[in-house]
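Dropping the structure in here first, questions after.
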Amino acid sequence: MTSSHTDCHFCLQSLRGRKYALREENAYCVPCYDSLYANPCEECKQPIECTSKDLAYKGRHWHEGCFRCAKCSRSLVEKPFAAKDEVLLCTECYSDEYSSRCFHCQKTIMPGSRKMEFKGSSWHESCFVCQYCQQPLGTKPLITKDHENYCVPCFEKQFAHRCYACKKVITSGGVTYDDQPWHKECFVCAVCKTQLSRQRFISKDECPYCVDCFNKFYAEKCAACKKPITALGGAKYISFEERQWHRECFNCIRCSASLVGQEFLTRQDDILCHKCGSA
């Protein structure tokens, strides 16, 4: 073997007047080079001779004429393409077979273009905008209503309720009272300011009160026991001459017999059953 380029490094035949190829500074005649180093073509399985153009992609090789779309057979040389399961496709065929369609415009989202995904659907970046102001949403916070997307400021401007107490937007949750929306933290007793969203309350003059405050300041007092009379739980009471009694307190002052549904007599501020009053 010789280190000069006058003989083939493998078969040692003279290269004078013949084409040859170099590999790692060694010269080979074309037949030897092809038999030793030529890559097999992925399409036709024939060797890609040193006199042919070898197109490579991810460790695989093709003749220039074999580098084509697997579906429409158009040449992919110097054109954009995509691969699916090791099959090469032109961008048009790939889009027809595999690409998503934009939820907004229903057109194909081409390979290589930026795609926005939200709630299982896809959008072109230019189509993923606020329904009201038409500004791109990108990765900004958004709110969906009736299958349309809105940036938070536009949604609040168009749809959000404002708290009856503080007048600020209610972004989530809230309480409805007297047909008005409230923040939970704003729905408080008008006197002691205790939050009422999870407890019983009583309304007076369009204001809510906790039971204790209402009883303390507004509830009528029983003429017998002097305790508040409230309507909570459907409690019933007796009213006579601007005085009220708990049903269980409306008894004869002498014998304690219940006077509910019975005839009774009055003596100054006292009430008596007919028997005691006649004695």
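Each Cβ is built from the backbone N, Cα and C atoms, and glycine gets one as well.
Unlike curated records, TrEMBL annotations are generated automatically.
Not my notes, these are from TrEMBL:
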type	residues	note
DOMAIN	39-99	domain 'LIM zinc-binding'
DOMAIN	100-161	domain 'LIM zinc-binding'
DOMAIN	162-219	domain 'LIM zinc-binding'
DOMAIN	220-279	domain 'LIM zinc-binding'
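Burial and contacts for the listed features, if you can.
Summarised by DSSP class, the composition of the domain 'LIM zinc-binding' (220-279) is 11 helix, 23 strand, 26 coil.
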Pull the DSSP breakdown for the domain 'LIM zinc-binding' (100-161) and write it out as helix, strand, coil residue counts.
7 helix, 20 strand, 35 coil
Counting by DSSP, what is the helix, strand and coil composition of the domain 'LIM zinc-binding' (162-219)?
7 helix, 18 strand, 33 coil
